[in-house]
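Report on the structure given below.
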């Protein structure tokens, strides 16, 4: 019995998105990257205005840095990995969930600061704190010249602030859609059949007379030997010994044994 060659175990194919699915994800990642760039540019232009407090950038900066880095990493994986497979769907579910929830929180905070309805609250000196009272000034507290400057600056802040909040909402919505897509892919991935490795016990050949047991894969091969013909030289005939009569009369003759080894005629 010959030993069988080892067989290569081929694992089941991994889940691969369809061409339309991975192209859609790539487009949404590119759109998310573009939104981050626009938000950073417009928000930075607001903070760069003279007389504007840039404290809101403490919330806005990290909220666009994390989605930007994550979207770039996911887009590279989709574009370069075999089968256009991105990062593991389970990781995408967790990260995109945190991102769109965080963006929603930042959006509410920026709305609360008045970036959409009360942009004058971002102007320096409009908020007061005298140790006892704190709050925002009324318009009656300023003269006409100061009110003109405040109104001009408020218009610039309001236009750019609304653009920032709009693209911030688009960014949160994009990551929410990517979160839903990742949940669907994770569900499909978990339903795929999994590969189970079973260790097969070695099978032994039946034990013969005085033979050692070998596994079937290691059982020694049986070899065939042709029967050898043996040649025997012809033997010389051995003469029979004659009987010698006993000197005693009437006795049976005694056969003298040869000196060499016994032979048969």
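Backbone N, Cα and C define each Cβ position, glycine as well.
Straight from TrEMBL, the features:
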TRANSMEM  30-50  transmembrane segment
TRANSMEM  56-79  transmembrane segment
TRANSMEM  91-117  transmembrane segment
TRANSMEM  163-184  transmembrane segment
Can you tell me which parts of the same chain pack against the transmembrane segment (56-79), counting only residues 6+ beyond its ends and a CB-CB cutoff under 8 A?
22, 25-26, 29-30, 32-33, 36-37, 39-40, 43-44, 46-47, 85-87, 92, 95-96, 99, 102-103, 106, 109-110, 113, 115, 122, 164, 168, 171, 175
Counting only residues 6+ away from its ends, which parts of the chain sit with a Cβ under 8 Å from the transmembrane segment (91-117)?
56, 59-60, 63, 66-67, 70, 74, 157-158, 161-162, 164-165, 168-169, 171-173, 175-176, 178-179, 182-183, 185-186
